[in-house]
Amino acid sequence: MLEEDMEVAIKMVVVGNGAVGKSSMIQRYCKGIFTKDYKKTIGVDFLERQIQVNDEDVRLMLWDTAGQEEFDAITKAYYRGAQACVLVFSTTDRESFEAISSWREKVVAEVGDIPTALVQNKIDLLDDSCIKNEEAEGLAKRLKLRFYRTSVKEDLNVSEVFKYLAEKHLQKLKQQITEDPEQTHSSSNKIGVFNASVGSHLGQNSSSLNGGDVINLRPNKQRTKRTRNPFSSCSVP
């Protein structure tokens, strides 16, 4: 375990074409709500949720990035400092599927090879699917990413995506601490550890995340009851 007065904070970016369900996914996970109304994200939005992963308190800071090309310069700037990534495409949007490799390259160019999950959203619309199962699974294998099929509408596998990424980051964090214990106390460290006793971040300052056009909505910390999902994830060995 980490030190008792330390809190892990993980910056996750949710990336993909417009209208694939990125905003809805974050709203569902952080606030437990779903709306059919589509509102284009202007630049970047931000929500957070506090969870426990393997008995560790973890704060997930979820960044919803615009999928339109006109916002590309803005969203790329917000990739910096990200410690995990969700790549999302829609079951009913072939173009969003074909764009995944490009989105992946943009993220890697800014932050390197961080824990990443590939998500096929809107599986409640499988009857209208534009992507074959083997195509989606093949893409995950080529990119060497954990693959999930989700339905934000039905709340299927949404929590599993973020939990997986949190676990992967914690593994990386603990490995870094083992290799260099002093790293968690360095003001230049960027692995996302907060000193809970004084509320200070030892990497990227949380107050700096809320400037400019970012909307900082703090969700109710009430936890929602987990439901058993009939769809399982597909992982790459």
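Yeah, the Cβs are placed from backbone N, Cα and C, and that goes for glycine too.
Swiss-Prot tags one of the stretches 65-84, 85-104, 145-164 as motif 'Switch 2', and that stretch is 65-84. Swiss-Prot assigns the feature motif 'Switch 1' to one of the listed ranges (9-27, 28-46), namely 28-46. In the three-state DSSP scheme, N121 (GTP binding site) falls into the strand class. Of all the binding-site residues given, namely K22, K122, the one with the smallest number of surrounding CB atoms inside 10 A is K122. Annotation for D124 (GTP binding site): same-chain Cβ neighbours under 8 Å, separated by at least 6 residues, are S151, K153, E154, L156.
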